[in-house]
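> A single structure is presented below for examination.
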């Protein structure tokens, strides 16, 4: 990244970092497309034998995330093409493209921010839904995550509207609200991942204590924990990086991780589907105990339908 020294250098550095973020975001989107196609093949094969409604919810959400991410990338490409076109040069009297790229008031830029917010909300909501299913639809368990999610939606909605209509709120309030968006999301990810991991780990300990028997091919509970934690780390890593960049005052680093965050959301869920399927093929034997509690939930986990 370029380090700015004065106004002209700062504009040049921001433009360079924005371009770098754009191409890195495009690269991650390309990788996401590969993962998405692979996950769709798995979901189509799985649909013939697994028609549970949680699996249908995740399948529909996977398609929706891909559509929204593609629209986001299309808006981003359009924005960059215009910023570096002769039309912008003439309309702006020779200003650098970054002056257009940093403007949040045009409708395409606002739509881009809204889509990013929706994708983050959707990713968090799916994680809460997975936690809800694994805990046998216990609303009390997911009450705290739902409260955090509601606060996150409200907070980011206010910030998004403020960027589209500047000076509606006091600058200090906007800065405070903007600064807690990602910490709240990080707390939500850690909480839901911890609840999911605890539930599956507790099931594993009960199975070991009660006695195990072999059960063909499938996905082990410890493998499920590993997949869940690794996937959560990808999502959390991006948001932690954005949070750190915000508080240390590094807009270039924040821009880079923000642009790659969008595609990484869908890639995370596609990767879960792929990892579960690969683990099913790698496993040669599996231990279960059908009569202990949550057997239905665990069987869904091992089948990869949650």
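First residue shown is number 1, and so on along the chain.
Backbone N, Cα and C define each Cβ position, glycine as well.
Where the annotation comes from TrEMBL, it is an automatic prediction and has not been curated.
What TrEMBL records for this protein is below:
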type	residues	note
TRANSMEM	20-40	transmembrane segment
TRANSMEM	52-75	transmembrane segment
TRANSMEM	110-132	transmembrane segment
TRANSMEM	139-160	transmembrane segment
TRANSMEM	180-198	transmembrane segment
TRANSMEM	219-249	transmembrane segment
TRANSMEM	255-274	transmembrane segment
> Which of 110-132, 139-160, 219-249, 255-274 shares the most C-beta pairs under 8 angstroms with the transmembrane segment (20-40)?
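The listed stretch sharing the most Cβ pairs with the transmembrane segment (20-40) is 255-274.
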> Between the transmembrane segment (255-274) and the transmembrane segment (52-75), are there three or more CB pairs that fall under 8 A, provided the residues in each pair are separated by 6 or more in sequence?
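Contact between the transmembrane segment (255-274) and the transmembrane segment (52-75): present, because at least 3 Cβ pairs are under 8 Å.
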